[in-house]
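Below is one structure, written out as structure tokens; comments come after it.
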Amino acid sequence: MAKSKDFFTSRYGLIAATIGMAVGAGNIWRFPRLAGQYGGSFLIPWLLFLFLWSIPLLIVEFGVGKKTRKGTIGAFSKINKRFTWLGWFVGFCTTAILFYYSVVCGWSLKYFLLAVQGKIFTINHEQMWQSFTHFNPEALLYHFAAIALGVFIIYRGIVRGVERFSKIIVPLLFVLLLLAAVRAITLPNAEIGLHYFFRIEMHQFLNYRLWLDALSQSAWSTGAGWGLLLTYAIYARNQENIVSNSFLTGIGNNLASILAGLAIIPTVFALSANLDQAHEVLGAGNQGLAFIALPQLFEKMPAGLFFVSVFFLSLFFAALSSLISMIELATRVLMDFGLKRKRAVLSIGLATFLFGAPSALSLEFFNNQDWVWGLGLLLSGLFFAFVVNWIGVETFLSEWVNLDLKRRGLKIGGTILFKFLIPLQFVAMLGWWFWQAIQWNPETWWHPLRTYSLGTTLLQWMAVIAAGLWATKHFVRWLAAVKETE
């Protein structure tokens, strides 16, 4: 059996890796879009849900990974053999995201190279985007390049790969975001965007969409419930503090989002012809904002070529740092079943290229997978809360997280969070997105082949859950492989 002696050598290396895991493309293209939609009112619930959903689940993941020293399937199986299928779903869900997330990383690399070559302002951005994302073999090349970089890092292991990479790239990512933010807020008329970004309008708090968007952004952006922090926690030293490391991961993620907002929102308001155009740009959708609207605006900026290069390099670093954590998650699952790291990571790299190719060639297929498995992550988060309740909240916090529960408030707060608040937040989020799917497609919401239908979501989920239950029942030897191996 595969045994891991590859531990993070320092707390800084671990925190750099976990922040890199959390900070991804969503921090740079989705957060500014939502903050631009709601203004400063968005920041309040977004920060609130960091402490009501994201950090609690990060703590759970860290505790489970550090205690079991297993990947998602092995960890849930060690808690209870009957829960193996829960770990299967969590692991598959994040691996399915890996298959198309490498495409995002490839897009970022492509546009960064266009920028440094000086070609990005000489193209029709709308036509370029449509051409590149619709059955263009070149997209496969960048898809492969992103995977190759990620596989190379994971192939080298935790210390020589993940830790060394994260110590360099994550601080550099923050420097790039800070540089872009400073340039943005010094543009003429940037104060309009700054005022909008931080202006709180009380009536917005009566808008339920604000709260649900804020909760969804926090849940997706931090990586809470994905199984990624669980995977990195396998390699955490015994003396690592679970709670403080989880807090630093969540706060570091939100800081990156704020910097991205400062870089993008003032830029949009400063360079748009009027307020209506600024709101139109911010409402262009994640991909439309990053790959069509922003390059057009950067063209109007002094030294625009340099700063558009900074933007796409930031996006690439953010995507790559998250990509490697997903590759490690899938690799670790195979290692738990006895494969050596090198063979496991090469297998995952090949699978990612093959199963990610449809997303590279078809934006519609990409959007379908993003929709289905993005929602699946909410279910993954619920599964983590479920195992805490099964173990017992007090037992988990005291024995798995090493919290001193002499203070009564910790017991009560933990119980309220995991027994009531997290399940309620899950029901609210999933119910809202399912309702949205029905509203978008009132005639075909049930259709399993529609991009954003409820039918396609439930069909793919049920297929994965059924496969997990079947594997749990029939592959007894596989289950034996994830028992105690030390």
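Using the three backbone atoms N, Cα and C, a Cβ is placed for every residue, glycine included.
The feature transmembrane segment is assigned by TrEMBL to 12-31, 43-64, 85-109, 139-158, 170-198, 218-235, 247-271, 303-324, 344-365, 371-391, 412-434, 454-471.
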Contact between the transmembrane segment (303-324) and the transmembrane segment (12-31) (3 or more Cβ pairs under 8 Å, separation 6+): yes
Winner by Cβ pairs under 8 Å against the transmembrane segment (344-365), considering only 43-64, 85-109, 139-158, 247-271: 139-158
Residues from the same chain, set at least six apart from the ends of the transmembrane segment (412-434), whose C-beta lies under 8 A from its own: 49, 52-53, 56-57, 208, 212, 215-216, 219, 375, 378-379, 381-382, 385, 388-389, 393-394, 397, 454, 457
Contact call for the transmembrane segment (247-271) and the transmembrane segment (371-391): at least 3 Cβ pairs under 8 Å, seq gap 6+: no
Highest-contact recorded stretch vs the transmembrane segment (43-64), from 12-31, 170-198, 218-235, 454-471, CB pairs under 8 Å: 218-235
Touch test for the transmembrane segment (12-31) and the transmembrane segment (218-235), at least 3 Cβ pairs under 8 Å: yes
